[in-house]
Structures are given as structure tokens and as C-alpha cells.
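Working notes, beginning with the structure itself.
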Amino acid sequence: MRDEAVNRVKHVFTLFDADGNGVLEADDFDLMSDRVAAAVPEAGEARKQTMRAAFTRYWNTLVAELDADGDGRITYDEFQACVLSPERFSGAVDAFAAGFARLGDVDGSGTVARPVFTGMLRGVGFGLPNIQALFEALGPDDGDRITVRAWEEEIKNFYAPDRGGVPADLLAASPVA
Ligand SMILES: [Ca+2]
Ligand SMILES: [Ca+2]
């Protein structure tokens, strides 16, 4: 596995452990979707529901595939097995990427404005300099917006164990210059 992928996996585990108790549980995903929804007050209820459903589905897939000892919680040791067989998660990751990125398209234009992008990723727990670096890497247009499609693809890259040197690495880099 590539070093960049290992770094992303460690970072993602820390982020997903939203309440910081050292293990992933259903409550973490509820907490995260609450924070993300709160970051985009202007998003419609339908988009929020899709986003929440994507978080829930993602958790259900993780616990079904990774909870080796069946205690309903995922430790880091259990979690890192996800990178060994990414094909088992691709459906849930695709839904997660789509539900998340499309929440940011609050006006249905197919684009996401910088403040919305920043608010949502702050909601998940990423650092502001990392978020800004990723936004720049996704090529904002003259109106300071990126396409939902570009963001969605980058979310999938973030979870791909065989990728490296992708813009998504910027989210796990520290510090970002
Ligand atoms: Ca937790
Ligand atoms: Ca477990």
C-alpha cells in the first residue's frame, strides 16, 4: 500500500471518531452528519436526508465488513483492513461521495461555492489550510466555485488505497505550506 494511502486511512479514522473515544460507533456518524448539516443551513431538506442516509449506509457497510470481533465498534486495527479490499466498500464510498458532495450544491447549479465547501469539511473536522489547498487544487472558476463532479471524484480518490499524488492527499497532509 502507498504511504499516502496509509496517511489518509489514519487521518480518516481520527476524523470518523467524531466523539474522540478511540473507536468508531454509529453515534460518531450521527454526530458527523449533524455537524455537516449544520454547516450548510441553506441546503434543502432532501439533500440533507440524502447526506444522512449516505453516512448511515457507510457506517453500516464498515461495521458489517470490519467489525472482526462483532462488538459493534471498530478499532483502528479493525479499520485498517479496509484498504486491503477496497472493492468491498466501493458501493458505499460512491454513495457517500455523491451524498456528501451534492449536499454542497445548494442551488442545483452543479457547483459548490468556497464558503459551503469550507463549512462542510470543517464540519467533518479537516483543517482550514488543508481545505483551502484542496479547493485550489480542484480548480475554482471565476465565481470561486468548483464542480460537484470534481469534488465527488476526489472523495473517491481519498479512499483509494492504490492512489498517490492526488489532490485528496492535501487533506491528510500536515502541515500544508
Ligand atoms: Ca467514537
Ligand atoms: Ca470491533
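Just so you know, glycine gets a Cβ as well, placed from its N, Cα and C.
Annotation source TrEMBL lists domain 'EF-hand' at 4-39 (among others). Same-chain neighbours of the domain 'EF-hand' (4-39): 48, 51-52, 55-56, 58-59, 62-63, 72-76, 79-80, 82-83, 100, 103, 116, 119-120, 122-126, 158-166, 168-169, 171-173, counting only residues six or more beyond its ends whose CB sits under 8 Å from a CB of the stretch.
Mean pLDDT of the predicted structure over the domain 'EF-hand' (54-89): 88. Positions annotated as domain 'EF-hand' by TrEMBL: 54-89 (among others).
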Helix-strand-coil residue split for the domain 'EF-hand' (4-39), DSSP-based:
27 helix, 1 strand, 8 coil
